[in-house]
Amino acid sequence: QTCSTSDDADDPTPPNERDDEAFASRVAAAKRELEGTGTVCQINNGETDLAAKFHKSLPHDDLGQVDADAFAALEDCILNGDLSICEDVPVGNSEGDPVGRLVNPTAAFAIDISGPAFSATTIPPVPTLPSPELAAQLAEVYWMALARDVPFMQYGTDDITVTAAANLAGMEGFPNLDAVSIGSDGTVDPLSQLFRATFVGVETGPFISQLLVNSFTIDSITVEPKQETFAPDVNYMVDFDEWLNIQNGGPPAGPELLDDELRFVRNARDLARVTFTDNINTEAYRGALILLGLDAFNRAGVNGPFIDIDRQAGFVNFGISHYFRLIGAAELAQRSSWYQKWQVHRFARPEALGGTLHLTIKGELNADFDLSLLENAELLKRVAAINAAQNPNNEVTYLLPQAIQEGSPTHPSYPSGHATQNGAFATVLKALIGLDRGGDCYPDPVYPDDDGLKLIDFRGSCLTFEGEINKLAVNVAFGRQMLGIHYRFDGIQGLLLGETITVRTLHQELMTFAEESTFEFRLFTGEVIKLFQDGTFTIDGFKCPGLVYTGVENCVS
């Protein structure tokens, strides 16, 4: 049926013509992505040692070495993306309901119809097993585990964190890590730099973001963000038999022990708890609700093209409905992280490398770790002591202490899905706030006391909205490290991947609006990006070549 302009809709364009326009716009967006991306090479680190490959839940021998035939079956699953083939991958422990279910190895075979294709973005290879950089990454995760119960505000004086800062700074590979906070003199300040990142605002003020400790209101219900956190001084998988059972996909011994007091997030164990119990995007929704309550989006419905006009307000575009839809849409970045995890890198989790390190130190394996880790006496003696204190008969192990019984999820480590998601969410929030408002000071900042029972006013330097959004993203990414299940490169590269994907998704959407508008905000690394409706974009005022954003490094004046 063909409709004329006399159709009942008050629309100067007949419905069939509008359908054609929508189709043409979608095709043009897809062509722009295809032509703007070009050929993207996906490169892993070339590692052939199975010790550095993901194989959790597969059968292992008594030394935790994966069965070669089972590993080949996993490779076949990944290559084919077929549910029936993946169902035939052997499991090491098949008692009862399989705990070690592989987490969505077929996800990357889906096709997205918005934003870039999964394979149209990439991340750098991870360091190889013998490298000083991997040694430093693993050492940082160990130090995070040792410091789980130190209040963040005591990082500058507590023995563990002061020692951790000095020890990490002295490792050859540490200054080369992604977004690592380190002084020009090569030292790490334990209070402002330890376990932080160089992203805008993350090194300023309290460790924990305001968006994780401020109350939020949803549907007129105000929620104080105290949680039932993990019990202090309790770690898991420090006994070798327990570790091996989990590597085989066996069931944990029981649930985690919990604290009997509700607390604000005041230390690494609390932050680990948040990132273990979250529903992957809830921190972003909480953050958005807090920012709305603070009029950080100027005020609800008055943003973007509606800021300087009086008779109209946004809702579906540049209003509450739009804000929360964009946060939900940013979840699509997760699929790109799954592509990188399964199809490209398949890197082992920290708990697996911790087992290999333990067996190497014990002389039962001969893994080629860098000496900066193998001979790190200060770190290893502390790991031995904390593990022996919890093990039967005070058995000394060098396994990585986990905050949870089950250890890592059953999918590869690199990049972190939580980080990719939160890189996307942070990008959406900063785009909606805008550059000017993003640089304003966050009002009445606070931090939890050392017991996590009350909030104390922070009297230091200005904490900006954009900085606290960035800090939220880094907190969530590094909270997964504090669980013991990720490395720094998982978090940082995941955040940057989520940012890149979301910039492109926002730009696609911007070009469809009837309202004249732009998005202008600061990227994690400090550059100001501005997106225009004609498809162009600038970095720090320089008009970038190309059709789509592929990273700051590809747009230099």
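Backbone N, Cα and C define each Cβ position, glycine as well.
Predicted, not measured: the structure shown is a model, and the values here were computed from it.
As annotated by Swiss-Prot, region 'Disordered' applies to 1-22. Taken from Swiss-Prot, the feature pyrrolidone carboxylic acid applies to Gln1. Among the features that Swiss-Prot reports, disulfide bond is placed at Cys77-Cys86, Cys441-Cys462, Cys544-Cys555. According to Swiss-Prot, the feature vanadate binding site maps to Lys341, Arg349, Ser416, Gly417, His418, Arg480, His486, an assignment based on experimental evidence. What Swiss-Prot records for His411, His418 is active site.
Everything Swiss-Prot records as a feature, shown here on the structure.
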| residue | record | DSSP class |
| --- | --- | --- |
| Cys86 | disulfide bond | helix |
| Lys341 | vanadate binding site | helix |
| Arg349 | vanadate binding site | coil |
| His411 | active site | coil |
| Ser416 | vanadate binding site | coil |
| Cys441 | disulfide bond | strand |
| Cys462 | disulfide bond | coil |
| Arg480 | vanadate binding site | helix |
| His486 | vanadate binding site | coil |
| Cys544 | disulfide bond | coil |
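The most densely surrounded of the disulfide-bonded residues Cys77, Cys86, judged by C-beta neighbours within 10 angstroms, is Cys77. Taking the Cα atom of each, Cys462 (disulfide bond) and Arg480 (vanadate binding site) are about 27 angstrom apart. Largest CA to CA distance in the vanadate binding set (Lys341, Arg349, Ser416, Gly417, His418, Arg480, His486): 16 Å, whole number.
Using the Cβ center of Lys341, Arg349, Ser416, Gly417, His418, Arg480, His486 for vanadate, the list of other same-chain residues with Cβ within 8 Å runs, in sequence order, Ser337, Ser408, Pro409, Ser413, Tyr414, Pro415, Ala419, Ile485, Asp490, Gly491, Gly494. Put simply, of the recorded positions Lys341, Arg349, His411, Ser416, Gly417, the one whose Cα is nearest the Cα of Cys86 (disulfide bond) is His411. Ranking the recorded positions Cys77, His411, Cys441, Cys544, Cys555 by Cα distance from Arg480 (vanadate binding site) puts His411 first. By neighbour count, meaning other C-beta atoms within 10 Å, the densest spot among the recorded positions Arg349, His411, Ser416, Gly417, His486 is Ser416.
For the pair formed by His411 (active site) and Lys341 (vanadate binding site), distance between Cα atoms is given as 7 Å, rounded to the nearest Å. In this structure the alpha carbons, written CA, of Cys544 (disulfide bond) and Ser416 (vanadate binding site) are 29 Å apart.
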